[in-house]
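> Submitted below is the structure of interest, expressed as structure tokens.
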Amino acid sequence: MFQPDAFIEALYLVLNWNTLMWLTIGVFVGVGLGAIPGLTTSTGVALMLPLTFTLDITGALGLVIGLYKGALFGGSISAISFATPGAPDSAATVFDGYRMTQKGQGRKALLTSLYSSVTADSLSDVLVILIAPMMALAALQFGPAERTWLMVVAIALLGALSGKHVAKGLFAAAIGLYIGTIGSDPMGGASRNTFGLAWLRDGISLVPLIIGLFAMSRMLEQAVELIHESRLGHKVERKMNDLFSNKEDTLTFREYLSNWREMSIGLGVGSFVGMLPGLGATVASFLAYGIAKRLLPHKRLGTGVMGGVAAAESGNNATAGPTLVPLLAFGIPGSATAALIGGALLLQGITPSPRMFELHADVIYALFTILILANLFNLVIGRGFAFFYAKLGGLPKPVLVPTIMVLAVIGSFATQGNPYDVGVMLFFGFVGFFMRRFGIPEAPLIITFLIAPMLEESMRRAVLISGGDWLGGLLNSPLSLILMGLAVLVLVLSYRMRFSERLEAMAHEQDSQGAADDDATR
Amino acid sequence: MQRKPSRRAPAGWWRTNQALGLGIAIAVAVLFAYLWQQDWYHREQRDGFILGFFPGLGLAAMLVTALALTLDRWRHTVVEEIATLDWRDLLWAVVLSAAALSLYALMEPLGMLLPIALFLALMMLLLGLRPWYLAAGLAAAIALIILAVFTLLGIRLPGAFLPLLI
């Protein structure tokens, strides 16, 4: 399976100034985006997608993966500095991180966050490098029927785990399935579902769809909120001085090592959760924090200790690599960010699938190398500039929101130079605004939009092979039956077990316990 | 989000998941009826599938999930964001989207610098940035930075830098 020539080619592609420069820019911008409350990883990657069009494959991957990893760590900076997580992924970090800042240990909290993030991220990347090729090898044995059911399982998981309400997650997935059929028939090429508009014959373009859903919709939402607010933002008590104080203790190597149990829990939980479609970094960080708190009662997590920061941060960062496993092994993105990285690959003319390991082994090795290198860059940039980024969290939203709206307009046009793309972006910006208001998650939409043509092709091939016999075509092997059963089981269990509600309740429990601890301390 | 009490609309039935599901189901049914009447929908392909099968499958999935919203155990739930939503929020979203579209429409005739700077300044003022000269200065500076970066990167832009310049 290992191809030395391709690996050497990948090293040659990655270890040059161009790729390293884009990787540096990606991490640098990513940490900054992560540190600014209201800007999520998806927003950042969505805005950068048009730029990847002008880069070579490794430069594009360096930019996007660097940005992703940087933003994951960056979210903890504002969580620790002033109790406002840059993104939901870092919400669990507030419990101990902000209390450490209040106790005058902000610098230690930030360094704990950085080191545990990088440690868990690096180890989970190694796991990806070991697991993804094996899974891809297995996936290559799948026929069209198995591939169809695998995609159905992924959609069921996405619907079940993406939001608080199963039906809403599945509804978002159904929208993606529908708009994925706009354009032309993937097998015959006949025009369909275009509403008589000639410019829709090529289908909905990925970049304006992504920018609309992940950037414009959020900016519309924030702009509407700002218009309603009587004053500029709400004032958050900030104890920034501690972070910049030279008097404060830094983190010793012994202290870093003392968190090994919390980091291991975060690594295990994050890696597992990352590989499952639909869950994501927020769930991983709350789960890792909750498990560490229960398993290690003597550490008194929630009272402003390093262990809490380490568990939450290693949990969310350990999802970064594994979230790419379903994308690389099966061609099915497991999260919104994986879908965006898949989008970047598609823009470069590479379709993510298990065959990528055969057809583009150099790109796969380059991706693995970039995953590892991004952690080193994250460490260096995070260590050097974390205290500068803490100030970025205070950037006024009235400046930020219109700037991102301008970038969204230019970015959606830039990819193809198509004026209609701006209209598509604005339309989906409005759709995304509605979805967010109604509590409908956007991630299942974008993921099913990406896999819709593959799903259609696999299903039609399976039926075609069996001479038009649906049952014989789609349920032609024990694996097909198992996968179909799994999809049904996921849907039934998700309705009966109220998994998302439990996770939310757990987050509230941590929050209220933390508040109680605060009251007790006072 | 801080709001005046008078702005808060009551959480009536139409804000529940059931109302949302019903509204979506009706819209999807109308869309399905429209597609059904199209000639292309029933055109058979070489593999035996009709051209409208997969768009129809997507709509069927939307319909089933929308109906699930009206019937499942969360049907009476009102999502927090919906409880506080009023028509002015929707109007603002439309106005802001229209403003972004106008920004694009003006880029070609007026060049990019002026519409971007104007859009940024007006938006900053609307969103509460004061004093006005700070908004104007920041808008001009950000517009210049955006254009410089995009030009340096060789990214295709919707218009020239200044009016009448190619």
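Backbone N, Cα and C define each Cβ position, glycine as well.
All TrEMBL annotations are machine predictions without curation.
Relevant sequence annotations retrieved from TrEMBL are reproduced here:
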DOMAIN    B:24-158  domain 'DUF1468'
TRANSMEM  B:20-37  transmembrane segment
TRANSMEM  B:49-69  transmembrane segment
TRANSMEM  B:90-106  transmembrane segment
TRANSMEM  B:112-129  transmembrane segment
TRANSMEM  B:136-155  transmembrane segment
> Is the transmembrane segment (B:136-155) packed against any residues at least 6 beyond its ends, judged by a Cβ distance under 8 Å, and which are they?
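Same-chain residues near the transmembrane segment (B:136-155) but 6 or more away: 112-113, 116-121, 124, 129, 161.
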> What is the pLDDT of the domain 'DUF1468' (B:24-158) when averaged and given as a whole number?
89
> Could you give the number of helix, strand and coil residues in the domain 'DUF1468' (B:24-158) as assigned by DSSP?
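Counting residues by DSSP class gives 98 helix, 2 strand, 35 coil.
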